[in-house]
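Below you'll find the structure, written out as structure tokens, and then a few comments.
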Amino acid sequence: MEKRTVVCTIHQPSALLFEMFDSLYALAGGHCIYRGSISSFLPHLMSIGISCPPYHNPADFLIEVAIGDYGVTVDKLSMAAENMWHDNQGIAVDSKLKSNAKTIQVSVIEEPPPPAGFLAQCYLLYKRQLLSLRRDSSLMIVRVLCHLMIGIIFGYLYRGSGYRANSVLANYVYLYGSLLLIVYTGKMAVTLAFPIEMQILTREHFNRWYKLAPYYISLLLVEIPFQAACAATYLIVSYWLTGQPVETHRILCFMVVSIAASLCAQAWGFFIGATTPVKIAVFAGPVIAVLFSVFGFCIRYMDTPVFFRWIFHISYFRAGFHSLLYTIYGSGRSELFCDELYCHYKKPWLFLKEMEINETNVINNLVLIVGMGVLMHLLTASALWCKLNRR
């Protein structure tokens, strides 16, 4: 995407490939035996008494001449090349003098187009990402189908738990499992795929095809919407099958918090994949996810040792899980349906109070989740920049 002069060494090219070069510089025994355009190569050899046989590859013919198959020494070839260069210089000077004596002719050399701008690079790389997905869509299809199938399975296992008072704990497990699923799928899909992209990025960035920022933005423009769509597929199916409250503000809040947590986990996956080898990334990704998921589900804040409580405040999983519970059972929800003699959690606020979630601020938790995701993307971009500019 920027102006470049390509210099390459090539051995025994085909005749068609040989004619594609603009200029040729041939060496034999440490001496230059020809320098000039491809079109002038054969006429130059004919001027010193060497004719190329009909239907012969000029590149092969040059090699044969250089090794002395036609009885011409390297010194003679080198001298002829030197004379040719001086003759060309003299012709150029003479032409310039004649043009000054007569009419001055101005030849305009067309400038190559300027390098592509930032937005153009983003657009082209985005189109390339979409083309790659279209050519190898198996992974994307599997991701969508898995979310759909797990949504149906979870919906069947926990059917009716969203409105029954005697199924509050089952619904508690459903919400935890749902968040854990979309966190794992969001993180691990890019954790394993990103190290493969690193090899391509390193090579193409070294050749200055594009800058890092357009590449990373184009990657996010593809991965973020797709992961959000996969998570939404699961959430819609399972939410309806489990009988969660059909209220607009609860549905919207449930979807937004869940998808935000999944995208935050995806940002962690990008960071882990960009900073660690594949073998370590496969191990580190699940371990970090489990570490964050423990706090807020398996243990309450008041039961947590003091030196571990800081994890409560930075865990995006805890923020998402508590927000989902408050979305389903908080905000003044009416009493749950109870078809038994006694249901301890008939009043939803009682369950939230026992779990220490009755004072949850969903907006603050959502800000934490989004902020953590943005921070991880910035750290990923910084890590990539350091890798690409390492000397």
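Keep in mind that glycine also has a Cβ here, set from the backbone N, Cα and C atoms.
Since we're looking at a predicted model, the values are computed, not measured.
Taken from TrEMBL, the feature domain 'ABC transporter family G' covers 11-107.
Feature annotation from TrEMBL assigns domain 'ABC-2 type transporter transmembrane' to 121-329.
Per TrEMBL, the feature transmembrane segment maps to 137-158 (among others).
Under the heading transmembrane segment, TrEMBL lists 173-194 (among others).
As annotated by TrEMBL, transmembrane segment applies to 215-237 (among others).
Among the features that TrEMBL reports, transmembrane segment is placed at 249-273 (among others).
Among the features that TrEMBL reports, transmembrane segment is placed at 280-302 (among others).
Same-chain residues lying 6+ beyond the ends of the transmembrane segment (362-386) with a Cβ under 8 Å from its Cβ atoms: 198, 201, 212-213, 216, 220, 253, 256-257, 260-261, 263-264, 266-268, 270-271, 274-275, 314, 316, 319-320, 322-323, 326-327. Per TrEMBL, the feature transmembrane segment maps to 362-386 (among others).
Among the listed stretches 137-158, 249-273, 280-302, the one sharing the most Cβ pairs under 8 Å with the transmembrane segment (215-237) is 137-158.
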